[in-house]
Amino acid sequence: MVHIKNPQEIELMRESAQLVSKTLAEVAKILKPGITTLSLDKMIGDFIKDHGGAPSFLNYHGYPFNSCISVNDVVVHGFPNGNELKVGDIVSVDIGVYKNGFHGDHAYTFLIGKPTDDILQLVKITKESLYKGIEKAIEGNRIGDIAFAIQEHTEKKHGYGVVRELVGHGLGRQLHEDPQVPNYGKRGSGPKLKSGLVLAIEPMINLGKKEVYTDKDGWTVRTADGKPSVHFEHDVCIRKGKADVLSDYAPIEAAEKNNENLFACP
Ligand code: MF3
Ligand code: CO
């Protein structure tokens with residue numbers, strides 16, 4: 001079911017989304033080679049609770065951690081673990097916050113140390129594709145307009161693999177609401193976008209082929225060819241003429257620039 005939110009509900013959703021942004025900024029401050037993703041996950045859970053929220057992902061369909069931390073060939077839903085991050089790692093951090101009855105759910109991909117040119121390009125294009133999708137997230141357009149914009153910029157222009165099995169989604173009192181938001185599709189197709197609809201738009205883009213598989217743990221999604229994958233996600237409220245982006249990359253990007261261990265994508 002599609003839920004249209006009123007202005008008061010949108011302000012509560014902005015609070016949840018921005019607590020995710022602040023948490024991701026804390027991650028950006030402490031990321032460095034040698035740190036384990038499990039220690040990041042613990043910090044993430046503590047920070048969310050200290051700020052009056054609860055981690056949305058913990059126990060969601062049995063998911064066993066506060067966050068998803070997906071390194072290199074892991075596309076999404078990576079389990080935090082005791083492995084130390086190292087120079088050259090591509091680290092997608094996806095966080096959900098439940099506060100005041102509403103979820104925020106967004107993600108950012110960080111680069112530990114200087115990346116190769118092909119990785120830097122993948123990160124840049126994936127992030128750009130998110131904003132191309134957001135440009136189409138306006139009243140009167142359709143889901144397919146968002147989907148087409150993302151696919152056009154990543155697959156058609158740059159030959160990257162657009163993951164088909166996982167999609168963005170409506171967001172609100174539930175972490176996953178209708179409609180689904182694929183990162184591939186036809187212009188002018190799918191459900192019509194109404195003002196007050198909140199979408200989590202989340203391109204998952206592979207350097208190589210689009211195919212993925214799920215590990216034996218039942219969660220970790222990896223690229224079939226073992227090449228890296230990148231994931232960015234924003235929470236977006238549909239409005240007339242211009243979308244209202246409820247989540248905020250500004251604090252994350254500021255912390256990323258200040259952290260000498262991270263390579264900030266231009
Ligand atoms: N952003 C992801 C999604 O929308 C996060 C969900 S992880 C889960 O699917 F553990 F909560 F499932
Ligand atoms: Co999501």
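Glycine is no exception: its Cβ is also placed from the backbone N, Cα and C atoms.
Annotations in TrEMBL come from automatic prediction, not curation.
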D105, H169, E202 bind divalent metal cation 2 according to TrEMBL; which of E135, E139, E233 goes with them?
E233
TrEMBL has D105, E233 binding divalent metal cation 1. Which one of D94, D117, D244 is in the same site?
D94
So of all those binding-site residues, D94, D105, E202, E233, which one's Cα sits nearest to H77 (substrate binding site)?
D94
Binding-site residues H77, D94, H176: those with Cβ under 6 Å from an atom of ligand 2 are none
Nearest-integer angstrom distance between the alpha carbons (Cα) of E233 (divalent metal cation 1 binding site) and E202 (divalent metal cation 2 binding site)
4
To test your reading of the divalent metal cation 2 site: which residues beyond D105, H169, E202, E233, same chain only, put their Cβ within 8 Å of the Cβ centroid of those residues?
D94, H106, A107, G168, L171, V181, A200, I201, H234, D235
